[in-house]
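Worksheet: the structure to be examined is printed underneath.
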Amino acid sequence: MASASKSDEEIVSDTESIPTGSESDGSSDEETDCQSQVGVPCKFYNSRGGCRDGAKCSYLHVCKYALKGNCRNGSNCKQSHSTVGSASSGASNRASVRSASSEEEERTAPKLTDGRFYQWQLNDGNSWMDIDNDHVIEAQYSLPHTKSIKIYNTPYGAVCINFNRIRVCGKSLKVRRLDDGKTVWNWYCTLRRKWIKYGDKDSKGNTSPVTSSDIDRNFQSDPKGSFTFSVGAETLEIRFKEMRQVGKNRKRRVTRRPVYRQQQATAAGVPQATSAVRTLSVGTSPKWQFKGDNGGWHEFKHRRGTPSECSVNSKDIEKTYQQNPSGTLSFTVKGDTYKLDFGAMMQTNLKNNHTRKIRRLIV
């Protein structure tokens, strides 16, 4: 079994042009699933101004609102607004080692030459092993709002893969993604709690001044550099190391995700980790659900002959999703037309614009 975790960018909004620094996206920079301690504010420091661990604490001793850029107290705030020196030396050193190791592994990772488009692998300290049926992981990784996936029933227990950092959380395991060197990458930026792809037209049909390929070309040449462009009179900068779009008045999160490609066939050559990640092999029955008014989740079913008869079920939705994981699907319930937005993981009633969250479970 595998479950994917979405960020709070699931809330639906109309597609807009690339946001400038003065617009508000209302999103948080904190990650609640699989998050490492480095870069996360200490809750004890923020709640009472003191932490018993002191310099040994691996969380940031910094104002949590300042990290989001919306502290109302400004210079009068009793908490620190500087991240420099706010984490223990142990936490900082661990972060530096992980960062350097990750960059080195990515730079030296081999390219696939046997026909596979991609391959996710785990390493328990002995060797790299292929994860069987890793299209489940790849499909979720291609969605900008999916920040992690958790796979169960492995010899290591539940394994959570953080997509933003490409690492296993809380375990002595490594994870990496190999590809054939032909992956097409999309770049996204947050606007009003939704991820907007660079290069898409806005709701008025205006063409974006910059495309994902423009950004990725610069990223490939210098992953620690930046990319500068203009929207109207404002100059914006995408800082690759921070994964932030920086404007005059605001920073925004950006992310880089691959265009999903359906794997053609499983190739031999590297030992399979089928036994290590058994559940990905049997996780072939995706269930699509919507969130009800009472907070419970309900599966999409035809329910023929009932007052709530639906024109689609989970299989219908999955078929459309596999064709385009970022696309949409229209269907009817009791004569009303609805739209599923796979990119936002939202359902919208086109008659009254009422929205509901949806999710995809691998069981």
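For all residues, glycine too, the Cβ spot is worked out from N, Cα and C.
Here the structure is a predicted model, which means the values were calculated and not measured.
The feature compositional bias 'Low complexity' is assigned by TrEMBL to 84-100.
What TrEMBL records for 247-259 is compositional bias 'Basic residues'.
Under the heading domain 'C3H1-type', TrEMBL lists 36-61 (among others).
The domain 'C3H1-type' annotation in TrEMBL covers 62-84 (among others).
Per TrEMBL, the feature domain 'WWE' maps to 171-261 (among others). Applying DSSP to the domain 'WWE' (171-261) sorts its residues as follows: 10 helix, 40 strand, 41 coil.
The domain 'WWE' feature in TrEMBL is assigned to 272-360 (among others).
TrEMBL lists 1-34 (among others) with the feature region 'Disordered'.
Per TrEMBL, region 'Disordered' is recorded for 82-110 (among others).
Residues or ranges marked as region 'Disordered' by TrEMBL: 247-267 (among others).
According to TrEMBL, the zinc finger annotation covers 36-61 (among others).
According to TrEMBL, the feature zinc finger maps to 62-84 (among others).
With DSSP states grouped into helix (H, G, I), strand (E, B) and coil, the domain 'WWE' (272-360) comes out at 15 helix, 33 strand, 41 coil.
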